[in-house]
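**Student:** According to Swiss-Prot, the record shows the following:
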{"type": "SIGNAL", "residues": "1-16", "note": "signal peptide"}
{"type": "DISULFID", "residues": "C20-C26", "note": "disulfide bond"}
{"type": "DISULFID", "residues": "C107-C118", "note": "disulfide bond"}
{"type": "ACT_SITE", "residues": "S169", "note": "active site, nucleophile"}
{"type": "ACT_SITE", "residues": "D193", "note": "active site, charge relay system"}
{"type": "DISULFID", "residues": "C254-C278", "note": "disulfide bond"}
{"type": "ACT_SITE", "residues": "H280", "note": "active site, charge relay system"}
{"type": "DISULFID", "residues": "C302-C313", "note": "disulfide bond"}
{"type": "DISULFID", "residues": "C316-C321", "note": "disulfide bond"}
{"type": "DOMAIN", "residues": "355-465", "note": "domain 'PLAT'"}
{"type": "DISULFID", "residues": "C449-C465", "note": "disulfide bond"}
Amino acid sequence: MLLVWSLALLLGAVAGKEVCYDRLGCFSDDSPWSGIVERPLKVLPWSPADVNTRFLLYTNENQDNYQQITADSSRIQSSNFKTNRKTRFIIHGFIDKGEESWLANMCKKMFQVESVNCICVDWKGGSRTGYTQASQNIRIVGAEVAYFVDFLRTQLGYSPSNVHVIGHSLGSHAAGEAGRRTNGAIGRITGLDPAEPCFEGTPELVRLDPSDAQFVDAIHTDGAPIVPNLGFGMSQTVGHLDFFPNGGIEMPGCQKNILSQIVDIDGIWEGTRDFAACNHLRSYKYYTDSIVNPTGFAAFSCASYSVFSANKCFPCPSGGCPQMGHYADRYSGKTNGVGQKFYLNTGDKSNFSRWRYKVSVTLSGQKVTGHILVSLFGNAGNSKQYEIYKGSLHPGYTHSNEFDSDVDVGDLQRVKFIWYNNVINPSLPRVGASSISVERNDGRVFKFCSAETVREDVLLTLNAC
């Protein structure tokens, strides 16, 4: 294997080939596109005709059936494309296609909250091949998107700053290529678990990076190494804001079957996509849910996910927290730096949104061993019970914990406390909470008090102090 790798690198030192196309320019297999450690094989992208990039337009007026448009004034003007709206391109990844339901579903969620030109970019002609070839074909896709964006600018006076390109997997790097070719003029690029193989550790010219748009954000969901873990996504930061939900490696609800570990990356076909790539696909599912949950994906600046999980990164700072997904561009500090890392937790199935709270309970009553749980009641909803502490319960002691609720309760009105230990105790001990404070991610604290105690498995309601 080492010999093959060495030979490939030696071949990479040989003078490269180049192909040129009228509209899109020239493409070389020279370094860094080929012949480097991360992509040792000399491979050119296929022709534009073979890749066959298509633009499938959905709008608020045609939500169920796309209109295929091209960089042609009459074709665009006869469509439902509106120049007074933002335009969001969605680019699929390896093996996928533009007509796949998740792209149209993402558009439909957008139509619930905004008027928008939603363009699904289909390049299945170039995505359904070996991975190495597909990773080169995205250069053609990126060039086609850049050509389309430039056409909108020159022929229709449509500013690239009104363009948002969303790419999944290889589509993230196609978006980066489009951004590079438009000199960073595109308003926003979102990378949904940007593909790792042939891109992790490569020069910025090759992959998505912060210079590709005015604002670049990324969601990382499958960041384990491709060998031996078959993690398809990058762990490397690629944007101004990089989000690592659930740590960015293993997503709740995704249990990889052992058979998925032996599937070669050049042989994962459509039928095994969900089976083998659950973590990788979570990124676009999170983004889709975020569109209709504008406060449900608050993410926290933290040194690492382990520090976040140790409850050391709450609440949000005075400038607030960014929302992972659709509304990341509302964050005031979005371009204050590059490679800003943020962490959060999600649910294990849709709706994936969660709202984080910190609850502190000061105990009263008798000393026992057991568990204490709290549920929240607010003007927007009620939460289920969450465990705050288990162990020795001492009166006067305060115990704190953070949890991610599947309900945004809004402004807190009351809380309910319960304890249990499943131990038969003839003395029937009583435990209470003299005070409970609840802090939201915006830093607002609600305080509740009670002078009562209760027996095991009996609810105690605390009202505002």
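In case you wondered, yes, glycine gets a Cβ from its N, Cα and C as well.
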**Student:** What is the total of other Cβ atoms whose distance to the Cβ of C20 (disulfide bond) is within 10 Å?
**Tutor:** 9
**Student:** Would you mind pulling the DSSP three-state label for D193 (active site, charge relay system)?
**Tutor:** coil
**Student:** Write out how many residues of the domain 'PLAT' (355-465) are helix, how many strand and how many coil, based on DSSP.
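**Tutor:** Going through the domain 'PLAT' (355-465) residue by residue, I get 0 helix, 69 strand, 42 coil.
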**Student:** I need the CA-to-CA distance for C118 (disulfide bond) versus D193 (active site, charge relay system), whole Å please.
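**Tutor:** The Cα atom of C118 (disulfide bond) is 20 Å away from the Cα atom of D193 (active site, charge relay system).
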**Student:** Could you tell me the C-alpha distance between C254 (disulfide bond) and D193 (active site, charge relay system) in angstrom, no decimals?
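**Tutor:** Just about 15 Å between their Cα atoms.
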**Student:** Is any of the recorded positions S169, D193, C316, C321 within 10 Å of H280 (active site, charge relay system) (Cα-Cα), and if so, which, in sequence order?
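**Tutor:** Taking S169, D193, C316, C321 one by one, the ones whose Cα falls within 10 Å of H280 (active site, charge relay system) are S169, D193.
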**Student:** Report, as a single number, how many Cβ atoms besides its own are within 10 Å of the Cβ of D193 (active site, charge relay system).
**Tutor:** 31
**Student:** Tell me whether C313 (disulfide bond) sits in a helix, a strand or coil according to DSSP.
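**Tutor:** It is coil.
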**Student:** Measuring C-alpha to C-alpha, could you say which of the recorded positions C20, C107, S169, C302, C449 are within 10 Å of D193 (active site, charge relay system)?
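**Tutor:** So far as Cα distances go, the recorded positions lying within 10 Å of D193 (active site, charge relay system) are S169.
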**Student:** Taking the Cβ of C321 (disulfide bond) as the reference point, list residues of the same chain whose Cβ is under 8 angstroms away and which are at least six residues distant in sequence.
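**Tutor:** The answer is A298, A299, F300, S301, Y331, F342, N441.
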**Student:** Work through the recorded positions one by one (C107, S169, C313) and name whichever has its CA nearest to the CA of C26 (disulfide bond).
**Tutor:** S169
